[in-house]
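J.: Please find one structure pasted underneath; my questions will follow.
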Amino acid sequence: MASPGHCFNPSVSGSEPSSLGFPSVPELATILSMSGIIFLSAVLRGFTGFGFGLAAVPLMGLVIEPAGAVLIALALQFLGGAADLREGRKMAHWPTLRWLMLGALAGTPVGMAALMGVSSGVAQLLIAAVCLSAVGLLAAGRSFTGLPGRGATVAVGALAGLFNGLAAMPGPPVVAFYLAAPVSALVARVSLVVFFTVTAALALAPTIFGGWWTSDLALSAAAGLPLMILGTHAGNRLFRHYGARHHRAASLAVFACIALVSGVHGIAEVLSAAA
């Protein structure tokens, strides 16, 4: 896989800025595509309470290198969720969160190591598989009669950590866990926000100290933060207007489409590399 720093730099895409200093057409198309992806993914996050990484990473991976897409998504998930931690830590369900986080702590480094060792096409296929798993888990809609034991909860956290490190997508296992757990919707929603913020921090730390970040990636994440805030606000308003009865169906439809697009793209890249 190419370096995650290969993102918005015009020299990477083969384009150069115009003589007047404006972005070239290919570079402008990349900027507009990334902006739209971040905003719409944030709308999904605001409407459903989760799903930013599930939507943003595979779609950004169609525009830039998947590793760069993961880093930007991690930064935005952390920065976007950090503001909610003060209130969230009071309402979150800590009896389950502490064990989920322990599992994520073990699983995230494994996912981060795998991220840099696979090709772009394989990464796309893995991301598609993550999205399909989300569709299956959410569609099942099963509930626990009681809270799972510590071992099972740690295992769910470890799987979420693996997804987190590999594709900035810790969502599918943990979302399914809280949808099935005997806790209120409000507590589940707040617990997810806390979990996603912490797992984003876990995945970000080694990338910062490991020198994975470039100025292009840092600027891209900074530029995307206002879009994420605006998109989340728009999603929250949509949720208040249309109610919770539509959020599960909307999530399933979006995840299925993302899995299809990413899977086709990944197969095409793998076949092209093998030719």
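Using N, Cα and C of the backbone, Cβ positions are placed for all residues, glycine too.
Sharing the record's features from TrEMBL:
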type: REGION; residues: 1-20; note: region 'Disordered'
type: TRANSMEM; residues: 28-47; note: transmembrane segment
type: TRANSMEM; residues: 59-79; note: transmembrane segment
type: TRANSMEM; residues: 99-118; note: transmembrane segment
type: TRANSMEM; residues: 125-144; note: transmembrane segment
type: TRANSMEM; residues: 156-180; note: transmembrane segment
type: TRANSMEM; residues: 192-213; note: transmembrane segment
type: TRANSMEM; residues: 219-239; note: transmembrane segment
type: TRANSMEM; residues: 251-274; note: transmembrane segment
J.: Using a Cβ distance cut-off of under 8 Å, indicate which of 59-79, 99-118, 219-239, 251-274 has the most pairs with the transmembrane segment (156-180).
T.: 99-118
J.: Let me spell it out: take the transmembrane segment (192-213), skip the flanking residues so only those 6+ beyond its ends count, and list any with a Cβ under 8 Å from a Cβ in it.
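T.: Counting only partners 6 or more residues beyond its ends, the transmembrane segment (192-213) has Cβ contacts under 8 Å with 4-5, 49-50, 52-53, 67, 71, 74-75, 77-78, 81-82, 84-85, 88-89, 92, 97, 100-101, 104-105, 108-109, 111-112, 160-161, 164-165, 168, 170-171, 174-175, 178.
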J.: Of the stretches 28-47, 59-79, 99-118, 125-144, 251-274, which racks up the most C-beta pairs under 8 Å with the transmembrane segment (219-239)?
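T.: Per the Cβ count, the answer is 28-47.
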J.: Looking only at residues six or more beyond either end of the transmembrane segment (251-274), which have a C-beta under 8 A from one in the stretch?
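T.: For the transmembrane segment (251-274), the list is 44, 48, 50-51, 54-55, 58-59, 61-62, 119-129, 131-132, 134-135, 138-139.
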J.: Please report, as numbers and ranges, the same-chain residues at least 6 past the borders of the transmembrane segment (28-47) whose CB is under 8 Å from any CB of it.
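T.: Distant Cβ neighbours of the transmembrane segment (28-47) are 8, 13, 22, 55-56, 59-60, 63-64, 76, 80, 220, 223-224, 227-239, 247, 250-251, 254.
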J.: List, by number or range, the same-chain residues at least 6 past the transmembrane segment (125-144) whose CB is under 8 A from its CB atoms?
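T.: For the transmembrane segment (125-144), the list is 54, 57-58, 61, 66, 118, 163, 166-167, 169, 171-173, 175-176, 179-182, 248, 251-252, 255-256, 258-260, 262-263, 266-267, 270.
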